[in-house]
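A.B. asks: If you look up Swiss-Prot, you'll see 12-18, 40-42, Arg304, 330-332, 412-414 marked as GTP binding site. Here Swiss-Prot flags Asp13, Glu14, Gly15, Lys16, Asn38, Ala39, Gly40, His41, Thr128, Arg142, Gln223, Thr238, Arg302 as IMP binding site, drawing on sequence analysis. According to Swiss-Prot, the Mg(2+) binding site annotation covers Asp13, Gly40. Residues annotated as active site, proton acceptor in Swiss-Prot, with sequence analysis given as evidence: Asp13. Annotation source Swiss-Prot lists active site, proton donor at His41, citing sequence analysis. Swiss-Prot lists Thr298, Val299, Thr300, Gly301, Arg302, Ala303, Arg304 with the feature substrate binding site.
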Amino acid sequence: MASVIIVGTQWGDEGKGKIVDYLAENCEYVVRSQGGSNAGHTVVVDNIKYKLRLLPSGILHKDKVCVIGNGVVIEPKVFLSEIDSLIEKKVNISNLKISDRAHVLMPYHKILDELQEEDLGENKLGTTKNGIGPCYMDKSSRLGIRIVDLMNKETFAKKLKFNVELKNKLLKKLYNHDGVNYDELLKEYLGYAEKLRPFVADTTTILNKAIKEKKNILFEGAQATMLDLDHGTYPFVTSSYPAAGGACTGSGVGPRKIDNVIGVVKAYATRVGEGPFPSELFDDVGQFIRDKGGEYGTVTGRARRCGWLDACVVKYASYVNGLDSIAITRLDILDELDKLKICVAYKYNSEILEGYPADLDILSKVEPVYEEFEGWKTSTRDIREYDKLPENAKKYLKRLSEVIETDISIVSVGAGRDETIIVKKIF
């Protein structure tokens, strides 16, 4: 029996969905514990590409119980659309559970998100405008509507009326917006309620019973450590807690029940939206990586900023999450490069920094200290054993492991489920 957390170590888009999909084969439960429809992940199974935003990647395994935990904010329209899409592809959804404690994302959250981002002007955060921040704001302000509230017509109507009146004051007086219609929202969301009802459950009890029964559980992170509300490059972060601790608070499973934490590391670095990115590339190499890796957002379609692998970021993520090992993804994207670099330290005012700076002014001015490596100039796509990787690829991976002081357990050399090298057994 093992409970394993999969967490992103960079700014998201590391390939967590691929790793979760691969490891889910050995699990009975797969859990999503935070974030919302702002977190896209792509999984390829039998050459069929699945793009998911709310549903755990484990849903692609017909015999797994997939749980959306209390820490997730759920937009019913997106959730039901994903369900319909999977049903069309003959994916079994009968084992899907939604926490009755999860919060409901409403249309006024999306409107506020967009208006607030526009209002920030040059200080914009680069939000996906999916309403995630305003929804978590309502949750923290104790104004939110939970799934359990949506299941009770009278409770939902009362809470919705209060929220609509409050939000319309804000929308009309501050943003000169027409506001939202209570009756229309009530009718729309009560319709969603009946479609959601079969999936709603006390997932905290379900998961803790599964642990007592010695089931294997995989906690699937969304976004990543550097987007964590506390530990990321604040304020250019998300509104939830993608670090390993968030898997516990977002699912109702205590930290002492976790056996293993695996950090997913893309073999290069990418970032979407605003914020410091010390190892960012602005040359032809950066464009090559973007094009070869298809580095465009699953949710927004925005081009991702690309750069060299930043070991300072990953080492910091190892500290924050207490990583037991790392899973390297997208190594194959680097197959054609003549030279590669890893940022192993930051220099500021001619001094090497210890730790990862919280001050974004400093972070935006640091000079990356690089170590250069020879490329391997051959395809890694068909390799399934670590020892059979090109020598230069192994040197690159070994040095990363040394700098971040964390072992490698998995290497992914393609998007397919089978394009995976297991270095250290997880389950």
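Even glycines carry a Cβ here, placed using N, Cα and C.
Mind running through what each feature is packed against?
C.D. replies: Its own atom aside, the Cβ of Gly40 (IMP binding site) has 19 Cβ atoms within 10 angstroms in the protein chains shown.
In three-state terms derived from DSSP, Arg302 (IMP binding site) belongs to neither a helical nor a strand segment and is classed as coil.
A coil conformation is recorded for Asp13 (IMP binding site) in the three-state DSSP classification, outside any helix or strand.
Neighbour count (other Cβ atoms within 10 Å of the Cβ, all protein chains): 28 for Asp13 (IMP binding site).
Its own atom aside, the Cβ of His41 (active site, proton donor) has 24 Cβ atoms within 10 angstroms in the protein chains shown.
Long-range C-beta contacts of Thr300 (substrate binding site), restricted to its own chain and to partners at least six residues apart, with a cutoff below 8 Å, comprise Thr128, Val272.
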A.B. asks: Please tell me which one of the recorded positions listed here (Asn38, His41, Gln223, Gly301) sits closest to Gly15 (GTP binding site), measuring Cα to Cα?
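C.D. replies: Going through Asn38, His41, Gln223, Gly301 one by one, the Cα closest to that of Gly15 (GTP binding site) is His41.
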A.B. asks: Please name which of the binding-site residues listed here, Lys18, Arg302, Leu331, is nearest in space to His41 (active site, proton donor), Cα against Cα.
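C.D. replies: Closest by Cα: Lys18.
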A.B. asks: Roughly how many Å lie between the Cα atoms of Arg304 (substrate binding site) and Gly12 (GTP binding site), rounded to a whole value?
C.D. replies: 10
A.B. asks: Within 10 Å of each Cβ, count the other Cβ atoms and name the one among the binding-site residues Gly12, Gly15, Gly301 with the highest count.
C.D. replies: Gly12
A.B. asks: In whole Å, how far does the CA atom of Val413 (GTP binding site) lie from that of Asp13 (IMP binding site)?
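C.D. replies: So the alpha carbons of Val413 (GTP binding site) and Asp13 (IMP binding site) sit roughly 15 Å from each other.
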